[in-house]
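A.B. asks: Sharing a structure below in structure tokens format, with a few things to ask.
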Amino acid sequence: MGQFTVVSLGLLAVFLSLSGAKGDNCPANWISRNGVCNKLFPDRKTWLEAEMYCRALKPGCHLASLHRDSDSTVLAWYISDHFKGAGHVWIGLRDTNRKRTWKWSDRTSTNYFSWNQGEPNNVQDNENCVHLWAPSGYLKWNDEPCASLHPSICQYKL
């Protein structure tokens with residue numbers, strides 16, 4: 001009877017880990033990083049359209065926010081490896097008041113920046129949204145007019 005109990009508990013542990021009971025699994029086609037799930041959507045949208053699209057996916061979903069170099073590296077690898085030629089990709093950072101005060105759409109703290117050299121430059125006083133800059137391998141950011149059309153990357157917390 002003792003071996004049966006041990007085997008049963010072992011099978012239960014395997015089943016729970018495969019079923020996602022640990023709470024760290026993202027849906028198919030989403031990637032997991034630092035407690036969040038991300039997915040790139042290749043359809044080109046304005047920044048606001050992209051943010052609204054993310055919000056419609058599920059409660060708490062927004063354009064991606066990045067808070068450390070490792071976040072940038074994981075997303076850069078994901079985009080470069082799976083979406084060749086995606087072009088620039090919207091993230092959730094923007095200057096809503098046009099005062100060069102950058103805020104994430106998910107309202108997390110703005111404690112990390114990865115601007116490309118010379119950015120943000122606010123060309124023609126019209127660049128208030130931020131994308132991952134394709135020529136940098138998606139590691140650096142550029143400010144851009146919010147009406148520009150780009151793919152986007154959505155994110156939600158696990």
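Glycine is no exception: its Cβ is also placed from the backbone N, Cα and C atoms.
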A.B. asks: Going by Swiss-Prot, which one of Cys146, Cys154 is joined to Cys54 by a disulfide bond?
C.D. replies: Cys154
A.B. asks: Whose Cβ lies within 8 Å of the mean position of the Cβ atoms of Glu127, Asn142, Asp143, the Ca(2+) site, other than those residues?
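C.D. replies: Everything else in range on the chain: Glu119, Pro120, Asn121, Asn122, Val123, Asn128, Cys129, Val130, His131, Trp141, Glu144, Pro145.
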A.B. asks: Nearest by CA distance to Asn142 (Ca(2+) binding site): which of the disulfide-bonded residues is it, out of Cys26, Cys37, Cys54, Cys154?
C.D. replies: Cys154
A.B. asks: Can you break down the domain 'C-type lectin' (33-155) into helix, strand and coil residue counts using DSSP?
C.D. replies: 31 helix, 36 strand, 56 coil
A.B. asks: Cα within 10 Å of Asp143 (Ca(2+) binding site): which of the disulfide-bonded residues Cys26, Cys37, Cys54, Cys129, Cys154 qualify?
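C.D. replies: Cα within 10 Å of Asp143 (Ca(2+) binding site): Cys129.
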